[in-house]
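To keep things clear, I will list the structure first and then write my remarks on it.
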Amino acid sequence: AWPALWAKCNYEALEETGKLGEILFFMRAGSTGSQKYSTMMWAGDQNVDWSLDDGLASVVPAALSLAMTGHGLHHSDIGGYTTLFEMKRSKELLLRWCDFSAFTPMMRTHEGNRPGDNWQFDGDAETIAHFARMTTVFTTLKPYLKEAVALNAKSGLPVMRPLFLHYEDDAQTYSLKYQYLLGRDILVAPVHEEGRSDWTLYLPEDNWVHAWTGETFHGGEITVEAPIGKPPVFYRADSEWAALFASLKNI
């Protein structure tokens with residue numbers, strides 16, 4: 001199939017030049033066989049909105065669906081891309097998308113197809129500061145992410161995982177479309193609705209620590225404060241990376 005052949009072509013071109021592992025290419029098309037060659041997937045041209053069908057809310061289900069087909073590395077345009085008619089990227093949407101992307105394998109902005117109509121990362125001092133902080137969160141997680149990426153290369157286990165991969169006896173995890181595990185030890189439930197200051201999510205039974213407050217939880221449905229810049233993120237208390245995760249609240 002064409003997507004697999006295109007992925008193979010790009011992979012072999014990098015291999016021939018000795019740049020494989022140094023240069024990254026990403027694709028949105030895929031078919032059986034492309035998993036072997038595609039070094040990164042991307043969600044495509046999301047709308048610059050909050051919609052479930054093609055906005056911010058669509059990205060997590062897309063990532064988890066790809067994960068279960070063998071595509072273990074996935075990301076999206078921060079803020080979306082497609083700007084049509086009266087649809088324009090708001091500041092709030094861009095900041096929330098940035099929050100989410102800090103807990104994925106890759107952070108990448110896009111100005112969109114109508115840059116002048118969209119809020120951009122340098123739109124004001126607050127937005128610049130927000131991106132500076134969240135990219136610091138992302139880079140702080142580098143050693144953890146590198147281990148998760150290496151495991152993906154070795155075993156195929158995706159970096160962004162549906163919860164049922166590790167909590168298979170918890171029936172509720174099979175219906176969770178909008179939250180995920182980043183590696184084994186971080187749980188993320190991105191805010192994907194406009195105007196929210198708190199968020200309700202589900203934690204499978206385990207010892208969870210809220211990344212921004214240090215409060216511990218042991219499972220079940222909970223509601224937490226979720227201001228911009230502090231997305232609902234939890235880590236397993238007994239993780240070998242717990243000290244690294246605990247440092248996030250000081251950024």
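For all residues, glycine too, the Cβ spot is worked out from N, Cα and C.
So that you can see what the record holds, here are the features copied from TrEMBL:
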type	residues	note
DOMAIN	2-131	domain 'Glycoside hydrolase family 31 TIM barrel'
DOMAIN	156-239	domain 'Glycosyl hydrolase family 31 C-terminal'
Three-state composition of the domain 'Glycosyl hydrolase family 31 C-terminal' (156-239), taking helix and strand from DSSP: 8 helix, 29 strand, 47 coil
DSSP-assigned states of the domain 'Glycoside hydrolase family 31 TIM barrel' (2-131) in counts, ordered helix, strand, coil: 52 helix, 11 strand, 67 coil
